[in-house]
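S.K.: Copied straight from TrEMBL:
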type     : residues  : note
TRANSMEM : A:7-29    : transmembrane segment
TRANSMEM : A:65-87   : transmembrane segment
DOMAIN   : A:133-213 : domain 'Cytochrome c'
DOMAIN   : A:220-300 : domain 'Cytochrome c'
């Protein structure tokens, strides 16, 4: 507050608040009794207000506990303003802050769930993957932090890899997946149009690339393209099976990160591609990433094979009875 | 006359203690019948069992309301609203016909006050003994009686608070926690809070609640009309009142000015001054006056249920009864009937299966093997029944639309399950952009258990 206004306004608002509260108290006190003019010797049971010469208001008093409730609200207001921030820039005796409350809740959550994550962190990733509870936690983490790019079914999108197949750009071992989540990845394919040649050569290479996975292609163009593929071998390898150290994809399967049409492949060769998987180490912490990595690994592997049969995740979707 | 003098008057008055005299009679018996009925229902219901669980349990933790065979979820909140509407209309109808019968006979404030008064009478004695006791200076005897009374009140109040919490947390395990006093913080809070409210309202506040706090007392007058039954004093017959000894010469009315009707009144009013907003319609004064009329050998009914019109126009009881079927009552009854019918049919037709379809946030539509177009959905399947079911997922509304991989899903009893669903169409089906489709679930073991939700399928350019 003081960053934007000068100190006068703090005092102005605090004074206004306090005067308002005190004013309420004075009003309440002054109105709890009224002086009336005794007009004759009889009992006075009116408030003394007279309108239109003879119309008087009967005094049917409010219960006294009601008045005390009003006084209690005044005491409460003053006590609150003394203990908590509310009077200008006065911080309050208890020093309460909304950010402090957030930190407290965070610490409480860490204290509650920390031991659980710590338990999993000590376990091997494959063992964690076989744990049904860890699987459920992993799924929730995935839906919160990963589903935006990889989809809630983890099957990816254009430019974002499918995590449920066995094809991996940087390797599919559980430790590698953990590494990927912790520190992120950058996949870079440079523009290769000039290196390959002109438009005609690029199209030929595209057809050759399609032929590698036995996809629909033009055989003549593909033969011509094979000669020009040399420029690609540095990364994708002579056998075109890719290089996981570089994140260069395997071109001999039918899995495409950006699409498998001739047009898309030509675009990839001409313009190159850059992909970024952000690092989550600082954001999620190693303990959560440990559970998350185990979950992602379990999407394309059967964790039951590595763990005791009793640890099979309970209640899998039933595929029978068709 | 003296010169004008100033005098101070107070605008807030201390509560004056009311010592209602005990009275026996038809209406007192009726009220005790209601005390028994409502309290048996309140204290016993949470102990009933159903399907291996508590029959009536409002489980706020898991947000499931168990009402015998019915399991209500947060999505069924409409039924709570309907229940409140029905209760309100029942109240309006009863009030239009018979005034504040709810207040006088069934309202928890009345019922608990009656119980607390009974305890007070058992410990401190009758009205005169209580007045005398309160006027005594402090003594060990007085302290003993007062302590006993408050201890008994607190015991009832604590049991009430415990039972109340038993509607929200399984009462049997709660009973186990009583022994070790190991309630959770919220259970402690609500047991003590509800006990405190019972003790305060029925022990200390009493008529103050009806007079100053109850919202219903504030607007019940809008349900009243000239044909509403009210408790009335027949002043034409009663006045001029005179003590019994002077009643012999025949120039006086039936009222012998014994003031019993005032002594029995729980809100401390004199019904002979006419209908007052403090009157909660408990009919104690009718019982009191009838007793006196019997003793003095006069006809009953000097104070009786009657209507404003009946008093003015001297209607017979039959004519009063005939006027209960007036337009206002007919409209209240018709609206009430409609809402009850709607609620019952909605509950009857309600399926213990709910489905939410959420299109995946991240992707519009993607191309997969053989040029098929795939969309991803997240199904929230809520099995609100108490049996596990296997549901078959199907989709329609677009040519070649089919479910990729498993099309059955098992959902445990009263479980909510998120299920990622992939739907595919062949290349060229539908038009570019969004296509209306529907997704349905059918229980494999019970085809009548079927829900359908609409969704869109996006075919990218």
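Cβ atoms are placed via backbone N, Cα and C, with glycine included.
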S.K.: Can you tell me the mean pLDDT for the domain 'Cytochrome c' (A:133-213)?
M.R.: 92
S.K.: As a quick check of your reading of DSSP, tell me how many residues in the domain 'Cytochrome c' (A:220-300) are helical, how many are strand and how many are coil.
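M.R.: For the domain 'Cytochrome c' (A:220-300), the helix, strand and coil counts are 45 helix, 7 strand, 29 coil.
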S.K.: Could you give me three numbers for the domain 'Cytochrome c' (A:133-213), the DSSP helix, strand and coil residue counts?
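M.R.: Final tally across the stretch: 45 helix, 7 strand, 29 coil.
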